[in-house]
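K.L.:
According to TrEMBL, the record shows the following:
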type: TRANSMEM; residues: 26-50; note: transmembrane segment
type: DOMAIN; residues: 42-291; note: domain 'G-protein coupled receptors family 1 profile'
type: TRANSMEM; residues: 103-121; note: transmembrane segment
type: TRANSMEM; residues: 141-163; note: transmembrane segment
type: TRANSMEM; residues: 198-222; note: transmembrane segment
type: TRANSMEM; residues: 242-262; note: transmembrane segment
type: TRANSMEM; residues: 274-293; note: transmembrane segment
Amino acid sequence: KETMENHTKVTEFILVGFKSHPGSQLLLSVLFSTMYVVTLVGNVCMILIIRMDSKLHTPMYFFLENLSILDTCYSSVITPKAALMFSLGRRVISYNGCASQMFFFSLFGTTEAFLLAAMAYDRFAAICNPLLYQIIMNKRLCVFMVVGSYLSGCINCTIQTGFTFSLSFCGPKEINHFFCDVPAVMHASCSNTLANEIVMLVVCGSIIVGTALMVFVSYGYIITTIVQMPSAESKHKAFSTCSSHILAVSLFFGTVFFMYAQPGATSSPDKSNTISMLYTVVIPMLNPFIYTLRNKEVKWSLKKQFKRKGFFS
């Protein structure tokens, strides 16, 4: 019995990452490090701009600020470790380290899905009920939506991490990924993972489909309202406030749906590595730019801050 205990008790895992020759590993390290720095700078700037300009103290920017905080945390859970892994070849991650990485990644990822749905509802209220907008989107509801998003994230990450780490792991302890993602860790187990795959499909699938449905329904109403607007100017103004959110939502839900909400999500590690890179590293970096470059209010606020600091007259 004792040898069996030793056989199943794994204390660490080896992250395989991207299988490629050493030269490209260094390139990956530089790429990940650069993207991480850009993510931090972009999101921290977004938070500061919103905090410093009282004109941006509205529900939309309250959600945007929280999205920036999430993206910073989300990226910090994965990217620095991955960059070190590629540059120094530090592929070992402890059992507890792997579990905590999965826990926080699931927490921030799930929270982001719910937050994007809340942002879609905010745009729906602003465009379809402009006269009642201030009453509908009061501070209490906004805080409730953000707290609710985090609570949903907590429930999901507890289920996913609990179920995954209740499996037995007996060598080889290799995880065919650059971080401890649920499907990749499941794949490394020597237990029967059918029950886990069903749980992942049901829980993640219902979260992704539920939040995406909220987004689609909101935008269905928004587009109908915009089409019925009398002037071209009002149509353009209404659409410009939504276009950045549509782009961010499409990127996030498109990649996440491909990863978690379809059967056999654990079957192709190399493909999933590339797609995971999109939503763990690339999207958190792009979000501040999507919202800044397509948003007149943020650009105006940025100019105002630069003028105040004397960068240009």
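Each Cβ is built from the backbone N, Cα and C atoms, and glycine gets one as well.
TrEMBL labels come from automatic prediction, so no person has curated them.
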K.L.:
Checking distant contacts: for the transmembrane segment (274-293), what same-chain residues at least six beyond its ends satisfy Cβ-Cβ under 8 A?
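P.N.:
For the transmembrane segment (274-293), the nonlocal Cβ contacts are 32, 35-36, 38-39, 42-43, 45-46, 64, 67-68, 71-72, 74-75, 78-79, 82, 105, 109, 177-179, 181, 244, 247-248, 251-252, 255-256, 258-259, 299, 302.
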K.L.:
Flag the pair the transmembrane segment (198-222) / the transmembrane segment (242-262) as in contact if three or more Cβ pairs fall under 8 Å (sequence separation 6 or more).
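P.N.:
Since 3 or more Cβ pairs under 8 Å link them, the transmembrane segment (198-222) and the transmembrane segment (242-262) do come into contact.
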K.L.:
Grab the pLDDT values for the domain 'G-protein coupled receptors family 1 profile' (42-291) and give me their mean, rounded.
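P.N.:
Across the domain 'G-protein coupled receptors family 1 profile' (42-291), the average pLDDT comes out at 87.
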